[in-house]
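Undergrad: Take this structure first; my questions come after.
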Amino acid sequence: METQLSNGPTCNNTANGPTTVNNNCSSPVDSGNTEDSKTNLIDNYLPQNMTQEELKSLFGSIGEIESCKLVRDKITGQSLGYGFVNYIDPKDAEKAINTLNGLRLQTKTIKVSYARPSSASIRDANLYVSGLPKTMTQKELEQLFSQYGRIITSRILVDQVTGISRGVGFIRFDKRIEAEEAIKGLNGQKPPGATEPITVKFANNPSQKTNQAILSQLYQSPNRRYPGPLAQQAQRFRLDNLLNMAYGVKRFSPMTIDGMTSLAGINIPGHPGTGWCIFVYNLAPDADESILWQMFGPFGAVTNVKVIRDFNTNKCKGFGFVTMTNYDEAAMAIASLNGYRLGDRVLQVSFKTNKTHKA
């Protein structure tokens, strides 16, 4: 779904990963009227449960604050793990950096630095990376991408139960041009330890603002159903827990979905050897790849998406395909999204078979 990201925190790189990665970040507030503002601070790696009041109280202990903003997800309201504090006196801002930078709060080591003014060169520099080797560490991910520019934050998504990598990561560069170079250099390449090429793409697409309302509905709509053989009384999951594992987001509708044991041992023809191919039917004419990336991303590593378009009109013909690397994640995505109402259409989602529509 990882993912429509807006520009996030701008700080020096640290070994401590970001507190969260999300598809619908608010853009950072402007750091002031001048490029050399010495009163506005950006505060990174804040504890996930820290409130704006607590942020204000912490920094207010240093000096008088003009404004304070904890940046939250536009859809869920969840903290994105960073914020901005603007002091009245530049000396207080300097003191806050000297006092609070490196402070250990819960499991996080916060980073406090001067904020930069917002500009086109530093916006939209977030990358979504899929197909990573499960053994790759966050440090190795940064080493792979650091040759293209300064990395602001990085993260590899892991299963919170097993701690095993989900094969998906995010890299936020200092500048968009650096992210563009990383895409040119690494997309479709095999990093050390990988058996398949990785996919590197922008995690955000500013032109897809019209999709946010639809995707918000996907996250929050209580109108869900789970037809077909998946609806067995097997191990039960909660959709909000699933997405919490993927992105740390908890404010999803508490719909239950049934487990995958009913699919165990079944020989499904949707596996071509390079991933599990999923057929998505009844898409709207204006549907594009962005919708599919953002719908399926939180369930696991997505290596490819394709919307089938009419040759003459370039409009979606009503169906598309998604390829995921892991069977369990693909099956969970099908269980969650089959029968989902997207806009005024009910989606049909299944493993691709020999009888499935052809491109």
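Numbering starts at 1 and runs along the chain as it is shown here.
Cβ coordinates come from backbone N, Cα and C, glycine included.
From Swiss-Prot, for reference:
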type: DOMAIN; residues: 39-117; note: domain 'RRM 1'
type: DOMAIN; residues: 125-205; note: domain 'RRM 2'
type: DOMAIN; residues: 276-354; note: domain 'RRM 3'
type: MOD_RES; residues: SER221; note: phosphoserine
type: REGION; residues: 1-39; note: region 'Disordered'
Undergrad: Work out, from DSSP, the number of helix, strand and coil residues along the domain 'RRM 1' (39-117).
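TA: Split into helix, strand and coil, the domain 'RRM 1' (39-117) gives 20 helix, 30 strand, 29 coil.
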Undergrad: If you average pLDDT over the domain 'RRM 2' (125-205), what do you get?
TA: 86
Undergrad: How many helix, strand and coil residues does the domain 'RRM 3' (276-354) contain under DSSP?
TA: 22 helix, 31 strand, 26 coil
